Amino acid sequence: MALLLKNAHVIDPQVGLNKVADIVVRDGKIVEVGENLSIEKGVEKDLAGKIVVPGLVDMHVHLREPGFEQKEDIASGTRAAAHGGFTAVCCMPNTKPVTDNATAVEFIQARANAVGKCRVHVAGACSQGLKGETLSEMGDMVAHGAVAFTDDGRGVQDAGMMRRVMDYGSMFDRVVMSHCQDEGLVGDGQVNEGIASTRLGMLGWPAEGEELQIARDIALCRLTGCPLHIQHITTARGLKLVRAAKEEGLPVTCEVTPHHLFLNEWAIGDDYNTFLKVNPPLRTPEDCNALIDGVIDGTIDAIVTDHAPHTAWEKNCEFEIAPFGMIGLETSLALIITNLVDPGHLSWERAIELMSVKPREILRVERVAIEPGCTADLTVVDPEVEWTVDAADFFSKATNSGFIGEELKGRATDVFVGGYATLEDGAIVE
Ligand SMILES: NC(=O)N[C@@H](CC(=O)O)C(=O)O
Ligand SMILES: [Zn+2]
Ligand SMILES: [Zn+2]
């Protein structure tokens, strides 16, 4: 089957492409990129006014299946991903049962193949049951396709345990992704410790509870040589630690979420909106500014959503007993365009590195560039369309977004995975 995408503005920093061009796709691969291309038969699509980029990847999502299908499942979560412009996601192992063995990895892959609307890369747990006590079956999971390891949802509390996890990770050349949370320091912390915890009268989740584990894991990266990826970084000092580690030449990368960039602790008002209860918590405006600088200067490698769906009834309760987490797949791209690209703070090239190129490198999955021979995973963006975030439009089962009612600019209109459309003119292709 041939596909011809005509007249789009094609941007791919990997091959120095930033111009209007046509793309020919055949049997799932890009075969030609150039001007005035034609095909004898197949599907033609005029994309004048649109931008085509290498397919976006969200390397931190919670699809919740198996075990928490009331919140989300692989079918709904991957539809939300396609609707948000993603051609691939990496799903976290805090499912029930925990994704800590090869059978669990294979289950997710099989479901994704059967019902998914994007590629699903599976992250395996570091420890059995996320308990931090016994190593998971890391080697077996690698043999069955797990791309990375993390106990996301919890920090690995014991430094010796984390060292063993990283020793194994380095043997398999897989990245260990760290959710940094010292449970002794954080305890039952609900919101950022400081002004927010005082103002709202709730237990504080201190910046140090995150920064101590960032520092520890960087030291363990130096000790083991294992690639380390800091998940959902939120503080200025944590970012400084990552910057210093990179300058030292250590294989350390990090990610940030749109909500930690564009919402701060002051967003939680006297309505105690539980949609704003996230782990790690929303931090100070100064932290947000430091994170935005990190996105621009390259210290931050990836934008991820940490898409964490919960049911309405789980979130519709007192702040203290609501679960942590916010969804993000269907607003991430537009938040980056609206807040960073459109005002001129971030180039399209950098945005593509953060949302497409670097996530693939960190996860060690196939490179996707807009050049002949590459797999045709492509995202088509309308950079001008203005829209308002409305929970009724979400493909996710959940509505716990902190951005409902926000007016945004730009959104994905079409998504191709291996040359097949999963999103067409804003609608999921069933
Ligand atoms: N981020 C969150 O607030 N929640 C995540 C867990 C996690 O990413 O640590 C979840 O699984 O709900
Ligand atoms: Zn986490
Ligand atoms: Zn997470």
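Cβ atoms are placed via backbone N, Cα and C, with glycine included.
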If TrEMBL says HIS60, HIS62, ASP152 bind Zn(2+) 1, which of ASP306, ASP342, ASP377, ASP382 does it name for the same site? ASP306
Going by TrEMBL, ASP152, HIS179 bind Zn(2+) 2; tell me which of HIS83, HIS229, HIS232, HIS259 is listed for that site too. HIS232
Cross-ref TrEMBL: substrate site HIS62, LEU63, ARG64, ASN279, HIS310, PHE324, GLY325; candidate in list ASN18, ASN94, ASN101, ASN113 matching that site is ASN94
Which binding-site residues from the set HIS62, LEU63, ARG64, ASN94, PHE324, GLY325 come near ligand 2, judged by a Cβ under 6 Å from any of its atoms? none
Secondary-structure category, per DSSP, in which HIS60 (Zn(2+) 1 binding site) falls: strand
From ASN94, ASP152, GLY325: binding-site residues whose CA lies within 10 A of HIS179 (Zn(2+) 2 binding site): ASP152
Most isolated by CB count within 10 A, of the binding-site residues ASP152, ASP306, is ASP152
